Ligand code: MD3
Ligand code: FE
């Protein structure tokens, strides 16, 4: 990976460029870790974590919840964004303020001012959970970036190219790291390697990932 560190001023975030359009902001979410975890707790009380099924009928190994105007869902009928939680039939919980602000600040920092996400998918990984290489293309406007926040146990992110066959880079992500993906990297294949057993002081056996998107 081309690792461009330019934290030349004190208090500047450490940015690593993974590829054109994809920036890791190391530790960007640390200042808000407690508020973010508390908000995950509140959202998941209203929209409990569940293992959704792919259209092929396989249960996803990451448990998911969501908040915002729409949530990403998968079932026998396919992948889509919808306004109601299919488990309850109720609207998804509103996006907590700390989520919206963090996503907008990270996007701005990475060169995407004015990001207003309408969907936040919350993935919860436990030991053995992974996410195979895929593209995110259920959103309407690919000129909008995606912001991803990692909390809890560390994991290895796989970042591929525009074709599934492009050999992926491995990028370790730890608690508090935020990644912004946009522009030329928006449709790149990506995935998460199997989570190893561990214990994190704030999240116990879990890794959480918040994925902020402009879906509509
Ligand atoms: C790169 N989740 O939910 S987010 C997903 O860590 C998903 O839970 C992963 O991929 C996770 O769809 C990774 C990081 C991410 C999101 C979207 C991307 C990376 C991306 C879109 C294009 C390229
Ligand atoms: Fe994805």
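For all residues, glycine too, the Cβ spot is worked out from N, Cα and C.
These figures come from a predicted structure and were not determined experimentally.
Feature annotation from TrEMBL assigns substrate binding site to 72, 79, 80, 81, 138, 164. Reduced to three states, the DSSP call for residue 80 (substrate binding site) is strand.
Taken from TrEMBL, the feature domain 'Fe2OG dioxygenase' applies to 116-216.
Look at TrEMBL and you will find 123, 124, 125, 207, 208, 209, 210, 211, 212, 213 tagged as 2-oxoglutarate binding site. Residue 212 (2-oxoglutarate binding site) has a Cβ environment of 28 other Cβ atoms inside 10 Å.
The feature Fe cation binding site is assigned by TrEMBL to 134, 136, 190. The secondary structure of residue 134 (Fe cation binding site), as reduced to three states from DSSP, is extended strand.
Neighbour counts of Cβ atoms within 10 Å were compared for the binding-site residues 72, 79, 208, and the top value is held by 208. Taking the Cβ of residue 138 (substrate binding site) as centre and 10 Å as the limit, one finds 15 other Cβ atoms among all the protein chains shown. Using a 10 angstroms CA-CA radius around residue 134 (Fe cation binding site), the binding-site residues that qualify from 123, 125, 164, 208 are 164. Counting only residues at least six positions away in the same chain, the Cβ atoms of 146, 186, 187, 190, 213 sit under 8 Å from the Cβ of residue 136 (Fe cation binding site).
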